[in-house]
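**Student:** According to TrEMBL, the active site, proton acceptor annotation covers His250. According to TrEMBL, the feature glyoxylate binding site maps to Tyr21, Tyr126, Arg161, His250, Arg253. Per TrEMBL, the feature FMN binding site maps to 74-76, Ser103, Gln124, Thr152, Lys227, Ser248, 281-285, 304-305. Look at TrEMBL and you will find 1-354 tagged as domain 'FMN hydroxy acid dehydrogenase'. Feature annotation from TrEMBL assigns region 'Disordered' to 171-196.
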Amino acid sequence: MTLADFHDAARDVLPAPAYDYLQGGAADERTVRWNAEAYERLALLPRVLTGTAGVDTRCTLYGTELPAPVLLAPTASHGLFHPDAEAATVRGAAAAGTLTTVSTFSTLTLEEIGAAATGPWWFQLYVQRDRALTKDLVLRARAAGATACVVTVDTPVTGLRERDLRNGFALPSHGTPANLTGHAANPPRHTADPSHRTIHDPRIDPAVAWSDLEWLRSVSGLPVLAKGIVRPDDARRAAESGIGVWMSNHGGRNLDTAIAPLVTLPAVAEAVAGRVPVLVDGGIRRGTDVVKALALGADAVAIGRPYVWSLAAAGAEGVAAALAALHRETELALTLLGAPDLAALTPDLVRPSW
C-alpha cells in the first residue's frame, strides 16, 4: 500500500468531523496545497554508471540510529483515530525502527505512552503560561523515556480552522488530552469558538522567546529542537544556541499562505552549516519527496497526516506498514538516482520541473 491508499482507507472509516479535523488547514488551505506542490515542482536528475549495487538509508539523530531518515511528527489526540491511540502509534513506529514525536495533547498520558513504547520517542512541548507545569511536563516525558524535547514555536495562537468551525467540532472524551488534566483552574477549550474563530487552549503561552528554549534545555538535560522555523535568520539563531532546527508550517494549519518549508530549506541549511540537525515536514508523500528534501539540505524528514491515516486504517500494523512502504520507496529512489547513501544526495540532483 502507498500513503495515498492509507488516506483512502482512513477517509472510509473516520467520521466526517474527525476526518476534517485531521485533513483541514487554515482558512483557504493554500499552504496545505503548497506544501505538496513544492515537491511536485522539483524534478530529479539521476546519475548513471555509478557502480552502485546497493544503498544505505540509515541516519543518526541525537545518537539514535534510524533505518531511514523518516520519523513521525507530533499530532494530537490519537484516540480520535484509533482505540489504542498513541500506544498503537509508538508500537508501529518501533516495528518500523523509527521514532515518534509525542504531542503535549496526546490522548494517553506520557507514562502510558512510555510503557507502551519499545523504541525511541521524543516529546513535543507547547510551552505553558505556568512554567512550573511546563517543567513538570518535560521532566515527566524524560522520566517516561523521551530522549529529546521538540518545542513548537509557530503557534502563539491557533489558526483559522474553518472546517472545524463549520462542523462545530469538539474533542470527544476519547480524544481529550490527558497530560494537562487537573493542572489548571481554567480548563482548556476544545470546542470551536466562533468568537475566537479557532480551537485553542488558553494555557499555551503566546510569548515564548529564545531564552525559554535555553531554559528548557538546562532543566531537562535533553536535546531541544525548535519546530516551526522557516527563515534562515531564525535557523542561524537556533544553531548558534545549539538548538535543533525543525522546519515546519504546522502542516498549513496555522498561517494560511505561509511558505512551504522546502522552498527555504536550501537557505536554512546554509545558515545552519551542519551545526545542528535540520528536519523538515509538510507535504511528504513519497520516497522521492524524502530524497528531494535531503538533497536540499535536510538531515531527515517527518510525516504527520499520512501516519495518522495508517493509524486510523489499521492501528499499529498500519503505522508500521506505511513507514515500511516509505522506506522501500526511499531505497528505490536512491538506487535509481545512483546515490549509494544519504551523503550522496546533493543539490545537483534536483531542478525545478517547470
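For all residues, glycine too, the Cβ spot is worked out from N, Cα and C.
Source: prediction; values computed, not measured.
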**Student:** Select one residue from Pro74, Gly283: among these binding-site residues, choose the one with the most other Cβ atoms within 10 Å of its Cβ.
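**Tutor:** Per the Cβ count, the most surrounded site is Gly283.
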**Student:** Per DSSP, Asp281 (FMN binding site) is which: helix, strand or coil?
**Tutor:** strand
**Student:** Looking only at C-alpha atoms, tell me how far Asp281 (FMN binding site) is from Tyr21 (glyoxylate binding site), rounded to the nearest Å.
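**Tutor:** For Asp281 (FMN binding site) versus Tyr21 (glyoxylate binding site), the Cα atoms are 19 Å apart.
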**Student:** I'm trying to understand the geometry here, so how far is the Cα atom of Arg285 (FMN binding site) from the Cα atom of His250 (active site, proton acceptor), in Å to the nearest whole number?
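**Tutor:** A Cα-Cα distance of 16 Å.
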**Student:** Measuring Cα to Cα, tell me the gap between Tyr21 (glyoxylate binding site) and Ala76 (FMN binding site) in whole angstrom.
**Tutor:** 10
**Student:** State the three-class DSSP label for Gln124 (FMN binding site), counting H, G and I as helix, E and B as strand, and everything else as coil.
**Tutor:** strand
**Student:** How big is the gap, in Å, between the Cα of Gly283 (FMN binding site) and that of Arg253 (glyoxylate binding site), rounded to a whole number?
**Tutor:** 12
**Student:** May I ask which residues of the same chain, at least 6 positions away in sequence, place their Cβ under 8 angstroms from the Cβ of Ala76 (FMN binding site)?
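**Tutor:** Listed in sequence order: Ser103, Thr104, Phe105, Ser106, Pro177.
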**Student:** Quick check for the class: what is the C-alpha distance, in angstrom and rounded, between Gln124 (FMN binding site) and Arg253 (glyoxylate binding site)?
**Tutor:** 17
**Student:** Look up the residue listed as 'active site, proton acceptor' in the DSSP assignment and reduce it to helix, strand or coil.
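**Tutor:** The three-state answer is helix.
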**Student:** Under a criterion of Cβ-Cβ distance under 8 Å and sequence separation of at least 6, what residues of the same chain contact Arg305 (FMN binding site)?
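**Tutor:** Within the chain, Arg305 (FMN binding site) has Cβ neighbours under 8 Å at His7, Leu22, Gln23, Thr75, Gly251.
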**Student:** Find the average pLDDT over the domain 'FMN hydroxy acid dehydrogenase' (1-354) in the predicted model and report it.
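**Tutor:** The predicted confidence over the domain 'FMN hydroxy acid dehydrogenase' (1-354), as a mean pLDDT, is 94.
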**Student:** Roughly how many Å separate the Cα of Lys227 (FMN binding site) from that of Arg253 (glyoxylate binding site), to the nearest whole number?
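**Tutor:** It is 14 Å, counting Cα to Cα.
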**Student:** If one measures from the C-alpha of Arg253 (glyoxylate binding site) to the C-alpha of Pro74 (FMN binding site), what distance in angstrom results, rounded to a whole number?
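**Tutor:** Cα of Arg253 (glyoxylate binding site) to Cα of Pro74 (FMN binding site) measures 13 Å after rounding.
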